[in-house]
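According to Swiss-Prot, the protein has these features:
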- D335: active site, nucleophile (ACT_SITE)
- Y466: active site, proton donor (ACT_SITE)
- H524: active site, proton acceptor (ACT_SITE)
- D9, D11, D185: Mg(2+) binding site (BINDING)
- 259-531: domain 'AB hydrolase-1' (DOMAIN)
- C522: S-(15-deoxy-Delta12,14-prostaglandin J2-9-yl)cysteine (LIPID)
- 235-555: region 'Epoxide hydrolase' (REGION)
Amino acid sequence: MALRAAVFDLDGVLALPSITTSWARAEEKLALPRGFLNEAFKKGGQDGSVARVMTGEITFSQWVPFMEEDCRKCAEDSGIRLPENFSVKHIFDKALSEKKINYPMLQAALTLKKKGFSTCILTNNWLDDSAQRGSRAQLMCELRPHFDFLIESCRVGMAKPDPQIYKLMLDTLKAEPNEVVFLDDVGTHLKPVRDLGMATILVRDTDTALRELEKVTGVQLLQTPALPPTSCDPSALSHGYVLIKPGVRLHFVEMGSGPAVCLCHGFPESWFSWRYQIPALAQAGFRVLAVDMKGYGESSAPPEIEEYSLEVLCKDMVTFLNKLGLSQAVFIGHDWGGVLVWNMALFYPERVRAVASLNTPFMPSNPNVSPMEIIKANPVFDYQLYFQEPGVAEAELEQNLDRTFKNFFRAHDETFLTTNRVRELGGLFVGTPEEPSLSRLVTEEDIQFYVQQFKKSGFRGPLNWYRNMERNWQWGCKGSGRKILIPALMVTAENDLVLHPKMSKHMENWIPHLKRGHIKDCGHWTQIDKPAELNRILIEWLETDARNPLVDSKL
C-alpha cells in the first residue's frame with residue numbers, strides 16, 4: 001500500500017538546533033564531560049520525573065529541581081564538581097531561545113501536503129511555564145497552521161516511545177501503519193514505530209533525511225522551487241466590525257499579537273488581497289488588521305460620492321483606531337490604499353507609527369495644477385475619466401463578475417486590458433475575451449471569493465473613490481509644503497504599467513526618511529504576484545523601523 005501520511009518530530013527535525021546539540025554546547029561552555037546532561041536526563045527515566053513532565057503530570061518549572069538533583073547525582077557518580085554558575089533553568093532557557101524552524105524540512109512537509117499527504121507533528125513536549133514560554137508558543141503558532149494534526153505528549157498523557165501514542169497517531173490520521181512514514185532524531189523513538197509496521201527515518205542531518213524521504217515517498221523534495229507563503233482561509237480567521245457612524249461600519253480580519261499593522265487594499269479588491277501577507281506578518285510578531293475599505297465586501301457602501309473623499313476616509317480610519325483603542329498603527333497600503341495611507345501620514349502623523357505603500361507613490365497636491373489636468377494629459381489614466389460618470393462603469397463591471405475579476409487579476413505578461421483609449425473604445429473590457437482564462441496569480445476559488453464579495457457591495461462604492469478628484473485636491477492643498485517625517489517605505493513593482501516605478505523618483509524630497517524596496521518581474525497586483533519577496537521586504541522594514549516604542553500610561 002502506498003504511503004499517504006507523513007509524521008514529523010518537532011525537536012531536531014522541524015526545529016533546530018536539537019536539545020542534544022544545545023546540551024553539547026552548554027557542556028563545552030561549562031567544561032562538563034560530553035554527554036553529561038543527556039545522562040542526567042536519562043536518570044529521570046520513563047518511570048520518573050521525565051515521564052511526569054512529558055505526560056503533563058507536572059510543569060517544566062516543577063520538573064527543573066528534579067533535573068538539578070539528577071545532575072548533582074551524575075556529578076557525584078563521575079567524581080566531578082558542578083560549576084558555581086550551573087543552572088538547568090538557564091541551560092534550557094538558552095536552548096529554547098535559540099530554536100528556529102528548519103525551513104527545508106517544513107517545505108518538504110508542505111510539498112507532501114500539496115501532493116495529498118496527511119501531515120502531523122508528534123512531539124514529546126512539556127507544559128511550559130518558563131521565562132521562554134513565549135518563544136515556544138511562537139514556534140508552535142508558526143508551525144501549527146501548516147500541518148493537519150498536532151499531537152503533544154503533555155496534552156494526551158502519553159509520550160514517545162510508549163506504543164500507545166503511536167496508536168493514537170494512527171487513529172488520528174485514520175491510516176494503516178504501512179501508509180505512514182515517521183521522522184524522528186531519537187533512535188529509541190523509532191523502534192516501536194517500526195514494530196507497528198511504519199516506515200521510519202532517523203534524522204541526523206536534514207539533507208540526508210530528505211533524500212530518504214524522497215526515496216520512500218516518490219516525491220521530489222530537494223532542489224524544488226520554494227512554495228508560496230501560506231494563504232488565509234477566510235472561514236478560519238477572526239472577523240471584526242467597527243461602527244464608524246450610524247449606518248457605516250468597517251469590516252476587518254485580524255491575526256497575531258504585537259504592534260498593530262493596518263493593511264489597506266486598493267481597487268477593485270478586498271481584505272483578501274492580503275491573504276499571503278496576513279499570516280507572515282502575524283508570525284513575525286505583529287497584530288495584523290486587514291480592512292475591507294469603505295465600499296467593499298462586508299464594510300458599508302454608502303451611495304454618496306462625498307463619503308469616499310480622502311478627508312472622510314482618513315477620518316474613518318482615525319475612528320477605526322479610536323474604537324479599537326489603538327493610539328497608533330503601522331499603515332500599509334496598495335493602489336488606492338496607498339493614496340490613503342500617505343494622506344494618513346500627512347494629516348494624522350501622530351496616529352501613524354510608520355507608513356508603507358506598494359506601487360502607489362506619494363504625490364503632493366500642487367495648488368497650481370488640478371488633478372484633472374494631470375489625468376487628461378496622461379493617456380494611461382484615461383480609465384479614470386471613464387470611471388467618472390456614475391452608473392456607466394458600474395454597468396460594465398457588474399455585468400459578469402467572473403469575467404471582471406479574471407480580466408483584472410492577471411500577471412503583467414497575461415493582461416488583456418488597456419487603460420488608455422477606454423472612453424474611445426466604449427468600455428474597459430471591449431475587445432477582451434468573454435470567458436477569460438484563469439491567470440497563474442489566482443485560483444478559481446480566489447476568483448469566486450471576489451465574486452461573492454462584490455455581489456454584496458457592487459461597484460458604486462469602489463468607483464466613488466475615483467469621483468472625488470476635486471475634493472481630494474482641495475484637501476491635499478491644505479498640506480502643501482509639508483514633509484512626511486515618520487518612518488516610511490516605498491515598494492515599487494518593475495512591471496506595473498500604470499503606477500510605474502519612475503513615478504516615485506522624487507519622493508525623498510518630501511519624505512526624508514524614506515526607505516525603498518523594489519520587486520523585479522512584478523506587475524500591479526504585488527501582494528499576490530510576488531508574495532514571498534514582498535513579505536521579506538515588509539518584515540525587514542517592520543523589524544527595523546516600525547516596532548512600537550514603549551509608551552507610559554498618562555493616567
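Glycine residues also receive a Cβ, built from the backbone N, Cα and C atoms like all the rest.
Feature annotations (Swiss-Prot) mapped to structure.
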residue: D9; record: Mg(2+) binding site; DSSP class: coil
residue: D185; record: Mg(2+) binding site; DSSP class: coil
residue: D335; record: active site, nucleophile; DSSP class: coil
residue: Y466; record: active site, proton donor; DSSP class: helix
residue: C522; record: S-(15-deoxy-Delta12,14-prostaglandin J2-9-yl)cysteine; DSSP class: coil
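The Cβ of the residue listed as 'active site, proton acceptor' has 22 neighbouring Cβ atoms from other residues within 10 Å, across all protein chains displayed. Each of L10, G12, V13, L14, A15, S18, T123, D184, V186, V203 belongs to the same chain as D9, D11, D185, is absent from that list, and has a C-beta within 8 angstroms of the C-beta centroid marking the Mg(2+) site. Relative to the residue listed as 'active site, nucleophile', the recorded positions with Cα atoms inside 10 Å are H524, the candidates having been D9, D185, C522, H524. Rounded to a whole value, the Cα-Cα separation of D9 (Mg(2+) binding site) and H524 (active site, proton acceptor) is 41 Å. Per-residue confidence over the domain 'AB hydrolase-1' (259-531) averages out at a pLDDT of 97.
Sequence-distant neighbours of C522 (S-(15-deoxy-Delta12,14-prostaglandin J2-9-yl)cysteine) (same chain, six or more apart, CB under 8 Å from its CB) are H412, A493, E494, N495, D496, D529, K530, E533, listed in sequence order.
Cα distances from H524 (active site, proton acceptor) to the recorded positions D11, D185, Y466 are smallest for Y466.
A straight line from the CA of D185 (Mg(2+) binding site) to the CA of the residue listed as 'active site, proton donor' spans 59 Å.
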